[in-house]
Amino acid sequence: MGDSETNKQQPAGHVCHRDKHCPDIFYFSGFDNTFESETVEGALPRGRNSPRKVPFGLYAEQLSGTAFTRPRHLNQRTWLYRKQPSAAFNKHTFVDTGKFFGKADPAKGTLDPNAMRWMPFETNEEYQDGDSQSDTNFMHGTFLLGASGDPAVKNGIAIYVYLCKTDMSPRDSDTSVTDSYMYNSDGDFLLLPQEGGLEVRTEMGILIVHPGEFCVIPRGIVFSINLLNKGKGKLSRGYMLEVFKGHLTLPELGPIGSNGLANTRDFLYPTAWSENEEKPTCNKTLYNKFSSKLWAKSIETSPFNVVAWHGNYLPYKYDLSKFCAINSVTYDHIDPSIYTVMTCVGDETGTALCDFVIFPPRWMSTDPDTFRPPWFHRNCMTEFMGLIWGGYDAKKGFLPGGASLHSCMTPHGPDAASYDKAVADPCEQPTFFSQGLAFMFETTCMLRLTYYALNHKCRDTEYGFCWDGLPNWFGEGRRNSDDGD
């Protein structure tokens with residue numbers, strides 16, 4: 001974990017979960033709960049939020065994730081008790097770096113209705129925008145694929161891939177290396193590692209996130225991302241969703257009842273942590289993603305100086321293997337919305353700005369006359385898919401680290417080989433699909449695609465031919481032998 005003030009003992013007075021990979025990291029559990037945490041006993045004020053004199057000479061600072069007047073059950077805020085207030089950094093002015101986060105202006109993308117697929121994304125010097133390919137951290141190794149809306153009016157989304165090989169804040173004695181910190185004024189980030197785990201350092205604490213898990217960093221929270229698979233030439237790769245409107249939340253369960261899908265108890269939140277100021281002095285830069293552009297300023301001390309906090313506006317993570325999948329046990333392949341992990345509510349009732357959906361290992365137990373893979377489809381929504389590991393039951397050649405895009409009303413469905421296999425399968429017994437973990441970002445928005453997405457060498461320009469082997473059998477005298485009422 002490096003040199004830090006992280007408590008290596010379970011914080012007293014709380015039921016915490018120890019990270020299964022890093023035993024000195026603890027978490028709270030429970031989605032959208034209010035927690036409190038301190039690295040030094042007695043640092044958290046009792047009975048009030050902003051006393052005249054905060055314990056240990058700390059400063060009280062509130063971070064609001066919603067408007068003051070949001071209904072109480074939707075209101076999100078956290079009180080931070082820090083060594084210096086964030087305003088202390090204002091003596092240095094943010095300077096426009098001239099670069100867009102994701103290396104592309106989202107407003108200048110191209111709307112393209114064609115079905116698209118990409119092989120696993122790889123680093124490519126052509127798109128580095130002046131950043132060294134061999135020395136690329138998360139912030140400089142993130143590439144925008146497509147976006148819609150405008151963060152200035154807090155409505156829309158963006159989808160990225162990240163390809164990085166170095167830490168944002170290296171924990172070594174090289175004082176020539178700059179520590180980079182960042183916060184996003186535009187919206188929430190959902191990070192989904194595909195290859196290589198991440199150490200996500202934030203103002204409130206540390207999250208360890210491996211492939212098969214995801215984390216959410218809400219708007220305005222300062223973070224820095226280091227890599228767990230360190231080593232020369234090792235690549236960390238993953239996907240990222242950004243929502244400009246509101247916050248991600250859990251979908252309503254409706255007639256499913258009070259349990260199922262992503263259960264609230266399985267969401268994990270960090271415990272308080274602050275960086276050790278006795279580490280060697282090095283350059284520090286704070287970045288702000290503001291209206292899609294990167295702004296930067298130098299700072300003298302780490303922004304990870306929060307000694308205690310309490311509230312419910314926090315980063316969190318979730319292990320997708322804990323998802324309780326719901327499925328048909330009679331007939332038909334159910335709509336994929338039944339696999340929704342998180343959602344960002346849209347303007348129209350029942351229509352999400354974006355849903356985060358997974359297709360996990362699961363039992364399939366429909367009757368023998370059900371076509372079990374996804375059916376052919378045209379959708380008023382836009383579907384972006386990625387693959388964390390393994391394969392996908394409706395497509396050959398869809399590989400981990402790659403992606404596909406089927407825009408609004410673009411026809412899609414199983415390829416010819418998958419279709420023929422499923423039709424021939426009598427599916428007389430329940431089967432357990434264990435061959436992969438795929439996901440989908442489904443949005444009501446049309447995505448403006450970047451030059452990177454449209455012209456990358458990993459784009460599969462022959463993708464449309466995967467449906468070429470679906471002939472017209474009508475009029476050939478073919479009829480199901482088991483047709484009936």
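Positions of Cβ are set from backbone N, Cα and C atoms, glycine also.
Lifted from TrEMBL, the feature list:
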{"type": "DOMAIN", "residues": "27-320", "note": "domain 'Homogentisate 1,2-dioxygenase N-terminal'"}
{"type": "DOMAIN", "residues": "321-472", "note": "domain 'Homogentisate 1,2-dioxygenase C-terminal'"}
{"type": "ACT_SITE", "residues": "His333", "note": "active site, proton acceptor"}
{"type": "BINDING", "residues": "His377, Glu383, His412", "note": "Fe cation binding site"}
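Per-residue pLDDT, averaged over the domain 'Homogentisate 1,2-dioxygenase N-terminal' (27-320), rounds to 92. Here the recorded positions are His333, His377, His412, and the one ringed by the most other CB atoms within 10 angstroms is His412. Within 8 Å of the Cβ centroid of the Fe cation site, not counting the listed residues His377, Glu383, His412, the chain contributes Pro374, Arg378, Asn379, His406, Thr410, Pro411, Gly413. Counting only same-chain residues six or more apart in sequence, the Cβ atoms lying under 8 angstroms from the Cβ of Glu383 (Fe cation binding site) belong to Ser404, Leu405, His406, His412, Met440, Phe441, Glu442.
If you take the Cα of His333 (active site, proton acceptor) and the Cα of His377 (Fe cation binding site), they are about 12 angstrom apart, rounded to a whole number.
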